[in-house]
Amino acid sequence: MAIDENKQKALAAALGQIEKQFGKGSIMRLGEDRSMDVETISTGSLSLDIALGAGGLPMGRIVEIYGPESSGKTTLTLQVIAAAQREGKTCAFIDAEHALDPVYARKLGVDIDNLLCSQPDTGEQALEICDALARSGAVDVIVVDSVAALTPKAEIEGEIGDSHMGLAARMMSQAMRKLAGNLKQSNTLLIFINQIRMKIGVMFGNPETTTGGNALKFYASVRLDIRRIGAVKEGDNVVGSETRVKVVKNKIAAPFKQAEFQILYGEGINFFGELVDLGVKEKLIEKAGAWYSYNGDKIGQGKANAITWLKENPAAAKEIEKKVRELLLNNQDSTPDFAVDGNDAEETEQDF
């Protein structure tokens, strides 16, 4: 619809005044020629990258990863850091739980010599450090482990047993308002690890909830629910965990998809195992009996030998990965893989 000429002039004058006062790019038309695609970082799991719909976690956004104890939350974030560092990005780890193991991080491929690490005394200090790193524009990925360990200063200075109702929720709510804009401007990915608590007296629906109030649920562009669903065994020895991740919230693609992969102890996500499975599923790798073949050449008898061949031939592995991403990310179906409980999707509780 054509706009009246006088209105057009008035709009142009208003836009000019806004850009003069607040800087170029402070207001623009949504369809203007600028990058509409969200830049992403791989999670280290091919199936999870595909479930997210954009090929990874989005830059400039807030992401929440939550789940029970020993479900793989920290491992997943360390894999994200390793993937980001391989792309030459700068990463920071805010270790509020004081439990980061540098030896394990190195095994997962993290360059610990170039990883910024902070062990803050209070929750306010941790969030101020996050904000300062985001405003610097020099840090690409920040991980906070975990929201439950972000203890307000008043609680630390008080005595055990004192009531501090809603302090952590208010602190998080204030921090989210401040952080969201700074993260977008600096294109920094901020990942919060969170723990699960049980709501008392819930008769119907999901009794589980996450700590730190409701603000994080609203501000997060992606929320991932990670669970251990089984054990990976070699003979009688348990060598890893079968893991399922549900995309509970997704603002960059269709939500409610899920991914399943293995986390091997001391190694991290079994990426090459996923590559073999997805390659066979998409008919990029041929499977006849126990033999696996690629481009007509046999690459191994049994999955373990096929994985070994891919590790020894990184160029072929990269080629298969690229083809899988092109096939599955370009043909994303907007229909959810599954439905979540109403409590997972609902975010209408009172914000502190």
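Cβ atoms are placed via backbone N, Cα and C, with glycine included.
It should be emphasised that the depicted structure is a prediction, and the values quoted were computed from it without experimental measurement.
Taken from Swiss-Prot as is:
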BINDING   Gly67, Pro68, Glu69, Ser70, Ser71, Gly72, Lys73, Thr74  ATP binding site
REGION    333-352  region 'Disordered'
COMPBIAS  343-352  compositional bias 'Acidic residues'
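Annotated ATP site Gly67, Pro68, Glu69, Ser70, Ser71, Gly72, Lys73, Thr74; additional same-chain residues within 8 Å of its Cβ mean position, judged by their own Cβ, are Ile226, Arg228. Listed binding-site residues: Ser70, Ser71, Thr74. The one with the lowest count of other Cβ atoms within 10 Å of its Cβ is Ser70.
Counting Cβ atoms from all protein chains shown, Glu69 (ATP binding site) has 8 others lying within 10 Å of its own Cβ.
In three-state terms derived from DSSP, Thr74 (ATP binding site) belongs to a helical segment.
According to its DSSP assignment, Pro68 (ATP binding site) is coil. Among the binding-site residues Pro68, Gly72, the residue whose Cβ has the fewest other Cβ atoms within 10 Å is Pro68. The Cβ neighbour count for Gly67 (ATP binding site), using a 10 Å radius over every protein chain in view, is 24. Less than 8 angstroms from the CB of Lys73 (ATP binding site) sit Ile65, Tyr66, Gly67, Asp145, Ser146, Ile193, Ile226, each of them six or more residues away in the same chain.
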